[in-house]
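Per Swiss-Prot, the features are as follows:
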{"type": "BINDING", "residues": "GLU21, GLU24", "note": "Ca(2+) 2 binding site"}
{"type": "BINDING", "residues": "GLU24, ASP30", "note": "Ca(2+) 3 binding site"}
{"type": "DISULFID", "residues": "CYS23-CYS29", "note": "disulfide bond"}
{"type": "DOMAIN", "residues": "1-47", "note": "domain 'Gla'"}
{"type": "MOD_RES", "residues": "PRO9", "note": "hydroxyproline"}
{"type": "MOD_RES", "residues": "GLU17", "note": "4-carboxyglutamate"}
{"type": "MOD_RES", "residues": "GLU21", "note": "4-carboxyglutamate"}
{"type": "MOD_RES", "residues": "GLU24", "note": "4-carboxyglutamate"}
Amino acid sequence: YLDHWLGAPAPYPDPLEPRREVCELNPDCDELADHIGFQEAYRRFYGPV
């Protein structure tokens, strides 16, 4: 299977992953993140990362 690795845990957990998921679920934040990066987009919508 080509996607067998998707279920594997990341070797180094990303402490920002929960915030990244919040931003991805907000279409406006997700779109802005594509242009200016996740951390800056999150900050604009939700405050400091």
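For all residues, glycine too, the Cβ spot is worked out from N, Cα and C.
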Which of CYS23, CYS29, all disulfide-bonded residues, has a Cβ with the fewest other Cβ atoms inside 10 Å: CYS29
GLU24 (Ca(2+) 2 binding site) to ASP30 (Ca(2+) 3 binding site) - Cα separation in whole Å: 5
Residue pair ASP30 (Ca(2+) 3 binding site), CYS23 (disulfide bond) - Cα distance, angstrom, rounded: 6
Recorded positions (GLU17, GLU21, GLU24, ASP30), the one with most neighbouring Cβ atoms at 10 Å: ASP30
